[in-house]
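Going by TrEMBL, these are the annotated features:
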{"type": "DOMAIN", "residues": "11-274", "note": "domain 'NADH:quinone oxidoreductase/Mrp antiporter transmembrane'"}
{"type": "TRANSMEM", "residues": "15-35", "note": "transmembrane segment"}
{"type": "TRANSMEM", "residues": "47-69", "note": "transmembrane segment"}
{"type": "TRANSMEM", "residues": "81-103", "note": "transmembrane segment"}
{"type": "TRANSMEM", "residues": "115-133", "note": "transmembrane segment"}
{"type": "TRANSMEM", "residues": "139-159", "note": "transmembrane segment"}
{"type": "TRANSMEM", "residues": "166-184", "note": "transmembrane segment"}
{"type": "TRANSMEM", "residues": "190-209", "note": "transmembrane segment"}
{"type": "TRANSMEM", "residues": "259-282", "note": "transmembrane segment"}
{"type": "DOMAIN", "residues": "278-326", "note": "domain 'NADH dehydrogenase subunit 2 C-terminal'"}
């Protein structure tokens, strides 16, 4: 997994970058199917089919570009058709709308740790390719993909009760924010990606520590671990992009850049879509914190045994995902 991403990040030749993406895809599949059951296997097959299709389309774009321009360098994708095909294939790999349907399904069917890797580490390699070919990308196509991802990521999460699906839709929305700015200011895409990875990792580590996968299980979380409840509340607000938390920084800078470049309609749609995300984060927070004692809580109490899991990552990830803005 590490080798695949490193290969894509360091390569200057299209075939090497493509090889890195392939290694990445193949490496995560055993991790997805580790506790071997039907749900995990089904999710792994769905993931593999989508990624393999996207890889083939990328290979087609690479060969077409090489045929038209006579070179294999990563930075020079001067052919318009090759660029468009490449963008759509990378959108499939990243789970941007309208190719987003696999993301919630796959994330829901696999364990929390594999879900965390899928929604964080697996985004690095395709985003790095987008970053490197950003000068030749079609702005209109990027805006269309980004706005539809942000809106669908917000709408899709509204009627979900599974936390993994909610985080998957949140991932789709964040990917939209990253895509919209990639041809204007690519460094902001990297900043957004790093902050998104920190917050999502922190959230998954908290869920893994408390063995929680559904919203209704959160209503007793204060009884299991009160600090964890507060931690999750802060991380969710940061993911939603509320100042003064870290998650506000990339959104603020992206909206500022879009307004500078006169994309006011796009900025407005993105800002409104962020409210949809905040709504379903607030619903999780409501369930986990506002039903604490002495309020009435109709949920059944569950027996809870804390296994001695390592938690050293949780505090550091929480600090990164909440306190970078000041």
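Start at 1 and count along the chain as shown; that gives each residue its number.
Positions of Cβ are set from backbone N, Cα and C atoms, glycine also.
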Leading stretch by Cβ pairs under 8 Å, where the reference is the transmembrane segment (47-69) and the options are 15-35, 81-103, 115-133, 190-209, 259-282: 81-103
Among the ranges 15-35, 81-103, 139-159, 166-184, 190-209, the one whose Cβ pairs under 8 Å to the transmembrane segment (259-282) are most numerous: 139-159
Outside the transmembrane segment (15-35), six or more residues from its ends: residues with CB under 8 Å to it: 1, 3-9, 41, 43-44, 47-48, 51-52, 55, 58-59, 62, 72, 74, 93, 106, 110-111, 113-114, 117-118, 122, 125-126, 129
Closest-packing stretch to the transmembrane segment (139-159), where packing means Cβ pairs under 8 Å, from 115-133, 166-184, 190-209: 166-184
The transmembrane segment (190-209) vs the transmembrane segment (81-103): 3 or more CB pairs under 8 Å: no
Distal contacts, the transmembrane segment (81-103) - CB-CB under 8 A, six or more residues away: 21, 46-47, 50-51, 53-55, 57-58, 60-62, 64-65, 68, 123, 126-127, 129-130, 133, 136-138, 141-142, 145-146, 148-149, 151-153, 156, 168-169, 171-172, 175-176, 179
Model confidence over the domain 'NADH dehydrogenase subunit 2 C-terminal' (278-326), averaged pLDDT: 76
Outside the transmembrane segment (166-184), six or more residues from its ends: residues with CB under 8 Å to it: 91, 94-97, 100, 103-104, 106-108, 115, 119, 123, 127, 130-131, 134-135, 137, 139, 142-143, 145-154, 156-157, 160, 192-193, 196, 200, 203-204, 215, 239, 250-251, 254, 257-258, 261, 266, 270, 273-274, 276-277, 280-281, 284
